[in-house]
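These notes are about the structure you will find just below.
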Amino acid sequence: MDDFIAARSQMALSLGFHIIFSCIGMIMPFFMAVSHFKWLKTGNIVYRNVTRAWSRGVAIFFATGAVSGTVLSFELGLLWPEFMKHAGPIFGMPFSLEGTAFFIEAIALGFYLYGWNKFNKWFHWFTGVIVGVSGLASGILVVAANAWMNSPAGFDYVNGQYLNIDPIAAMFNDAWFSQALHMILAALTATGFAVAGVHALMILKRKNVLFHTKAFRIAAVFACAGAILQPLSGDISAKDVAKRQPVKLAAMEAHFKTEEKAALILGGIPDEQNDTVHYALKIPGALSFLAHGNFKTPVTGLEAFPKDVRPPVAITHYAFQLMVGLGMLMLLIAVFYFFTLWRKKKWLEKRWLLKLFAAAIPVGFIAVEAGWTVTEVGRQPWIIYGIMRTRDAVTPMPGIVYSFYIFTAVYVSLSVVVVALLYRQVRMVGKLYDVS
Amino acid sequence: MLYVVMAYLWASILLYVLMGGADFGAGILEFLSTKKSKEQTRKAMYRAIGPIWEANHMWLIIAIVILFVGFPVIYSTVSIYLHIPLVIMLLGIVARGTAFSFRNYDAVQDKMQTVYSKTFMYSSIITPLFLGIIAGSAVSGRIDPLATHFADAYIFSWLGLFPVTVGIFTVTICGFLAAIFIIGETKTEAERQRFIQKAKHMSLAAIAAALLVLIAAQRDGVPLASWLFGNPISITCVVLAALSLIWMWVSLFRQSTKWLRIIAGAQISLLLVAITYEHYPVLINLKNSDGLSLLIHKGTDKTIHALAVALLAGSVFILPALFYLLYSFNKQEEA
């Protein structure tokens with residue numbers, strides 16, 4: 001493995017690990033706050049127990065997300081010093097604000113975790129809400145920084161010089177809104193399905209059924225709301241990418257020939273040598289409609305771009321198809337669940353419904369990873385789209401491959417420990433939390 | 001506005017040394033405790049740093065963000081040539097942060113607790129050791145951007161007598177700060193005595209380590225003496241720090257612990273002033289070339305301005321909340 005590939009792999013690994021923890025750390029405080037609110041309003045002790053159990057989860061995920069985030073803030077420089085040397089002053093604004101949001105989150109979490117029975121109950125509840133709000137703000141800001149790499153703004157690039165730098169314009173680049181919206185809904189949906197699924201599983205095992213039912217209901221509603229809104233945000237993103245990064249869209253769709261009434265390609269094996277896709281299902285006109293809102297508008301194909309500025313087509317295409325497919329699956333589950341809530345309340349008790357949710361535990365997070373792959377791999381070969389190539393940004397230090405091995409070992413073992421910890425938390429619910 | 005940004009950089013480094021340092025030190029003290037008293041040390045520690053421990057480590061993030069937004073050349077130079085110690089420090093941060101909270105939140109108490117504790121204690125030593133090594137290498141002119149051999153560029157940029165002794169000194173300082181901090185949080189007289197004892201030991205260790213640093217500076221040709229005694233401000237700081245050391249020892253023997261935290265905090269601050277005043281505006285000294293100055297290697301005015309505004313605005317939210325957090329948990333303890 002050469003050092004450049006090692007650096008990219010290490011970055012991908014670190015982000016792929018961090019994204020899961022930050023999604024949960026960003027969304028779970030809201031579940032916790034809703035449950036806490038219900039406890040304060042109804043006085044039903046089960047809600048208090050659920051809140052306390054969830055707050056432990058938040059603490060574990062926050063700690064893991066905080067350290068993996070700290071690692072990332074250094075890795076940007078350790079792996080991509082040339083990029084940071086130029087990009088730091090331009091896209092650093094969201095990072096400096098994120099520092100504040102993250103700090104506030106840490107303070108609020110201190111209040112919340114250690115503040116049971118020590119403060120006014122509504123103040124205590126409010127600090128939990130602040131944990132969620134500042135986590136969400138951090139998420140939006142970090143995604144805004146990533147959006148800048150896709151949609152560079154706030155500077156003029158003249159003869160290799162970065163002039164007229166405007167960090168505010170860089171933060172509010174063209175991609176920040178669509179990307180941040182998509183990420184937050186993804187975090188909501190993925191976390192919701194994962195949490196709901198775990199509680200569904202425990203109900204199926206007939207352990208602390210009342211406790212897990214309350215928890216399941218809160219998480220499932222959030223998950224399903226997210227799953228229904230996400231396709232709309234996906235549509236905004238697709239149209240946005242079509243406009244800003246046509247080569248990325250073309251790679252996502254494995255769309256090689258520029259044509260009117262462009263077909264939407266489902267599945268298939270992209271053949272990058274011969275600019276074609278084998279064995280694909282094609283829906284004529286659908287891509288034109290999805291990308292530009294009109295069945296006839298031409299969609300630029302990969303052939304319009306020289307090979308050295310095209311991203312790897314197969315990975316981008318498969319990841320995109322996987323993300324959309326799983327998104328559709330979650331949409332169906334969500335529509336079905338809301339129908340159940342609306343018309344068929346008795347189905348809520350059915351084992352098959354719970355089994356459906358239990359099976360969906362990893363679905364949202366697989367979609368998150370796939371979507372992240374689309375946006376990152378689809379931006380290649382650029383680290384700053386159209387300005388700086390990833391290869392030119394990498395550290396001159398040789399031997400990065402060893403660093404990659406070390407980080408892989410660390411992240412794999414951390415994942416194992418976190419899963420084991422959560423398993424123990426869930427298994428001990430009867431002893432620790434649900435002691436009625 | 002550049003001065004606002006520099007002030008924040010300085011303050012976040014100081015606060016990280018003080019708050020993060022006390023936090024690391026808690027792990028070091030646990031390591032140094034006898035088997036019997038480990039449990040007590042741990043309990044006192046959770047009580048003392050539990051609610052604020054996440055916040056303690058935010059200062060590092062603030063400092064690093066200021067560096068990469070405001071002073072990108074400095075950030076990328078350090079990232080390239082001190083890659084190895086930075087990675088080791090990061091692994092320490094990951095191990096320590098996760099072990100600390102996993103130990104606290106594991107629902108089952110079994111032999112995993114030993115694993116968490118061991119990880120926590122060792123990483124509590126390794127992390128500040130490498131933080132000190134990084135600081136020592138950055139100021140002592142070991143980084144050589146012109147080096148052509150791997151070892152010269154990436155190994156001897158930090159591996160040397162002076163950086164390593166600075167690392168050891170940092171570890172002892174952390175232990176010392178933790179002992180002083182926890183004295184104020186102890187519940188029983190026996191506990192209090194134990195931590196006063198620890199504070200005495202750690203301050204002796206710090207003085208010993210400081211002597212090692214002086215010897216190492218001499219051998220490595222680092223002009224440490226001229227940094228400390230090169231100008232009236234630095235001399236004053238060093239003299240005041242030395243005098244306060246006497247005050248602190250008297251207080252420790254008389255067991256009057258009221259001013260201890262302030263004295264310890266002041267000592268560290270004075271040392272940092274003494275060193276940074278002489279170096280200013282250079283943050284990183286390089287081998288065979290000019291150092292990297294904060295006044296020259298800075299981002300554009302617009303960036304610096306935006307960064308300063310963000311920091312000032314952030315403080316409006318952070319500082320009151322942080323003080324209220326510290327205040328209210330102190331009050332709870334008293335009640």
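Yeah, the Cβs are placed from backbone N, Cα and C, and that goes for glycine too.
Those TrEMBL annotations? Automatic predictions, nothing curated.
The feature transmembrane segment is assigned by TrEMBL to A:12-37, A:58-80, A:92-114, A:126-149, A:180-203, A:215-233, A:318-340, A:352-372, A:400-423.
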Point to revise | Cβ contacts the transmembrane segment (A:180-203)/the transmembrane segment (A:92-114), at least three under 8 Å, sequence gap 6 or more | key: no
Check your understanding: How about the transmembrane segment (A:58-80) and the transmembrane segment (A:352-372): do they have 3 or more C-beta pairs under 8 A, pairs 6 or more apart in sequence?
Key -> no
Review point. Sequence-remote contacts (6 or more beyond its ends) of the transmembrane segment (A:318-340), Cβ cut-off under 8 Å?
Key: 189, 193, 220, 223-228, 230-231, 234, 252-253, 266-267, 347-348, 353, 356-357, 360, 363-364, 366-367, 370-371, 373-374, 377-378
Revision key, fill the gap. One stretch in A:12-37, A:92-114, A:352-372 has more Cβ pairs under 8 Å to the transmembrane segment (A:400-423) than the rest, namely A:12-37
Review point. Hey, which bits of the same chain come close to the transmembrane segment (A:352-372), Cβ under 8 Å, at least six residues off its ends?
Key: 15-16, 19-20, 23, 182, 186-187, 189-194, 196-198, 200-201, 203-204, 216, 220, 223, 319-320, 322-323, 326-327, 329-330, 333, 337, 340
